[in-house]
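Colleague: Below is the structure I would like to discuss, written out as structure tokens.
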Amino acid sequence: MEYSLVCHNLYALSFSPVKNKVFLLGIMFLLWVYMLYSCVGYCATMPSLVVDNYRGKETGSVVGKRIENNGRVDLMSRLLPRPQPWVDIESDYDEPSVRTSSRDLLNNDIDAYRGAEDWDEMRGEGQRAPEPGAMSSFSNGSGSKKLPQAIIIGVKKGGTRALLEFLRVHPDIRAVGAEPHFFDRNYENGLEWYRELMPKTLEGQITMEKTPSYFVTREAPARISAMSRDTKLIVVVRDPVTRAISDYTQTLSKNPDIPTFESLTFKNRTTGLIDTSWSAIQIGIYAKHLDNWLQYFPMGQILFVSGERLISDPAGELGRVQDFLGLKRIITDKHFYFNQTKGFPCLKKAEGSSKPHCLGKTKGRTHPNIHPEVVQRLRDFYRPFNMKFYQMTGHNFGWD
């Protein structure tokens with residue numbers, strides 16, 4: 001009897017509503033303590049760089065690093081806002097070419113000897129750190145990749161690399177370093193592929209690229225127009241005779257065994273008939289190529305920059321370009337100094353750097369001596385084309 005009474009009391013006690021609540025609360029408390037202990041222990045063992053990332057102190061590759069385990073982003077990486085990785089447009093200089101095997105744009109044999117725009121200078125320049133202001137703007141994750149609103153479409157050996165380097169000093173211009181060659185060699189890859197090559201830009205900034213061969217590519221105007229009819233086009237032009245010699249000099253530096261300039265220039269040396277199938281000659285017939293572009297773009301959307309004045313008065317030409325792009329004139333005389341050795345202007349302070357900056361060793365090559373009679377024959381050949389070009393653009397470039 002006593003045994004059954006005790007059992008009954010224990011049974012009633014164990015299933016008391018109050019005791020049940022206390023028991024459940026106790027279990028919840030223990031679980032909470034265990035979770036807190038685990039979290040504190042984990043945080044204590046986390047690398048200090050993660051905390052530094054949160055405070056904005058860490059730079060370089062650690063800034064954009066995700067902390068992931070087995071494909072799952074951990075709790076801390078979800079809670080802490082991480083700065084976005086900086087994509088330096090100069091990094092394109094160290095990347096392999098984005099180009100595919102090219103077709104012969106001008107259907108001539110000598111193109112087997114000539115390369116595209118120099119990549120030696122781009123690889124040799126190395127990477128420059130971005131400006132602190134630009135870094136902080138992108139570190140909050142803002143900015144997006146956009147198709148270019150302005151393109152430097154030509155011409156080869158006209159001064160396009162110099163112009164792009166000068167323009168990149170402007171805080172409202174972002175440009176891809178390497179030549180995409182999208183509208184002449186990689187068009188089948190699609191616009192999304194092209195967009196991915198572009199640097200991130202903020203609201204109000206202009207995305208740019210330069211590929212000088214666009215100017216002489218028949219399909220390029222229609223393709224750029226299909227992307228956007230509002231695209232602004234920039235063409236750096238230069239005395240076509242000097243440009244042809246410069247073009248040959250570049251090819252000669254890579255292939256010393258090519259024929260002489262004179263033998264490539266003439267179909268018949270005796271009659272003096274110029275071989276217009278040679279790309280070095282054909283590129284300089286600017287009026288012919290411009291005709292093709294004017295079928296798709298009005299003249300008001302094309303700016304012609306003088307390659308000669310880009311050397312003698314870089315700030316003046318850059319002022320015209322900034323006006324054309326609708327930007328404030330920030331690049332002025334104070335940004336340049338003249339390098340007597342190279343024979344052209346250099347930047348006193350390049351983008352994201354406190355040091356002077358000149359183009360690479362592949363720029364400013366010494367031209368071979370060309371017989372004056374050959375030079376005069378070329379001037380006579382180009383004169384009518386130059387005159388037509390002056391009329392079309394409404395500007396006399398003074399090459400004759």
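The backbone N, Cα and C atoms fix where each Cβ goes, glycine too.
Automatic, uncurated: that is what TrEMBL annotation is.
Remember, predicted model here, so these are calculated numbers, not experimental data.
Reproduced below are the annotations present in TrEMBL:
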type: ACT_SITE; residues: Lys157; note: active site, for sulfotransferase activity
type: BINDING; residues: Lys157, Gly158, Gly159, Thr160, Arg161, Arg238, Ser246, Lys363, Gly364, Arg365, Thr366, His367; note: 3'-phosphoadenylyl sulfate binding site
type: DISULFID; residues: Cys346-Cys358; note: disulfide bond
type: DOMAIN; residues: 148-383; note: domain 'Sulfotransferase'
type: REGION; residues: 121-143; note: region 'Disordered'
type: TRANSMEM; residues: 22-45; note: transmembrane segment
Colleague: Need this for a regression test: recorded positions Ser246, Cys346, Cys358, Thr366, filtered to those with Cα within 10 Å of Lys157 (active site, for sulfotransferase activity). What's left?
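Modeller: Those near Lys157 (active site, for sulfotransferase activity) - Cα within 10 Å - are Ser246, in sequence order.
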Colleague: Find, for the listed recorded positions Lys157, Arg161, the residue with the lowest Cβ contact count at a 10 Å cut-off, counting only other Cβ atoms.
Modeller: Arg161
Colleague: How big is the gap, in Å, between the Cα of Thr366 (3'-phosphoadenylyl sulfate binding site) and that of Cys358 (disulfide bond), rounded to a whole number?
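Modeller: With the alpha carbons as reference points, the distance is 16 Å.
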Colleague: When the number of other CB atoms within 10 A of each residue's CB is tallied over all shown chains, which of the binding-site residues Ser246, Thr366 has the maximum?
Modeller: Ser246
Colleague: Tell me the Cα distance separating Cys358 (disulfide bond) from Ser246 (3'-phosphoadenylyl sulfate binding site), rounded to the nearest angstrom.
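Modeller: Distance between the two Cα atoms comes out at 19 Å.
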Colleague: Taking the Cα atoms as reference points, how far is Gly159 (3'-phosphoadenylyl sulfate binding site) from Cys346 (disulfide bond) in Å?
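Modeller: Cα-Cα distance, Gly159 (3'-phosphoadenylyl sulfate binding site) to Cys346 (disulfide bond): 13 Å.
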